[in-house]
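Noted in TrEMBL for the protein shown:
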type   : residues : note
DOMAIN : 281-352  : domain 'FYVE-type'
REPEAT : 20-51    : repeat 'WD'
REPEAT : 195-228  : repeat 'WD'
REPEAT : 238-279  : repeat 'WD'
REPEAT : 362-395  : repeat 'WD'
């Protein structure tokens, strides 16, 4: 009797729709134009380009605007077609795009910063332009008058900026690894709090106004989910990159987080699960499993005539253990450890196969991603990389 051929399981992965090439330098930021087959990009080569899909299926520029300085960042509001562009010289230039995306009309310039603009947000509801710069300044301007309304000096250069319209809280992530929360008024601001959880600089922030959680990506390869609205102060760590996390986006309708990094990885996290906080690492002079002294515990080493051991920590229980008592490794996805990490032998036995079930999927973009933009209506993801290429992906196989 012939053996029955079993069909191979289908691998769900993003579908590459388009490569958009032509920039001479790194594309620092780009967005998908809603309801159009188009992309707006700003580049280190000083150009602002609007790429529209032609009958040939290729994307070609309908607008090619050369700026006086390299373009570091941008913010686009689809309702008003207002495009705000941050420049390397500290200026923010604003334009209005025509309905057919074939023309951009200058509106005004803001002398916002003393050096390179790092992030911009345009808030239509308040008619504010928020920005951060390499001069360690956060500033906000009135988009109608162009007048500077206020500012705040950050502890380091800011590289992440998010805003909650309802509460007027602004979140600023900087290169020291700190996240600062400010409450903005019309012409002043109040420091609410600062928090630190990363061992490297914050590289990206993403805000979910519905669940009221903030995601921060860092050069320490991790993402942290901060529970801002729950008042519990919980911070959930997500470990799924082999290089610095450089961009974040959140799909609210499916509660999935998309993180991208210097390793070219696109990681899609399921945030609709009950996640657990990682435990604090406990201090001890000897192994909390076998009581063997650690190498700095000279007294116990002398008394017991034993050589001191190196200290490790179990990622599941946080106990200080020796290498012999933590010889196993395991993934703990609900704690954010999608890769295998050190656990003590007793915790390894206690972790079930169900607890090891992945809560994230991993995909290779084949370029070092510096920025992403997710269009939830179509399920499209835009990635721009250090290779000067923009890629458009259909994410519906994995974000649905």
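Placed from the backbone N, Cα and C atoms, the Cβ positions cover glycine too.
What you are looking at is a predicted structure, and each value in this text was computed from that prediction instead of being measured.
Taking every listed stretch (20-51, 238-279, 362-395) in turn, the largest tally of C-beta pairs under 8 A with the repeat 'WD' (195-228) is reached by 238-279. The recorded stretches the repeat 'WD' (238-279) and the repeat 'WD' (362-395) share 3+ CB pairs below 8 A when only pairs 6 or more apart in sequence are counted, and are therefore in contact. With a cut-off of 8 Å between Cβ atoms, the residues of this chain six or more beyond the repeat 'WD' (362-395) that come close are 13-21, 23-32, 34-35, 39, 41, 43, 51, 240, 246-253, 258, 260-268, 338.
Helix, strand and coil counts under DSSP for the repeat 'WD' (238-279) come to 0 helix, 21 strand, 21 coil.
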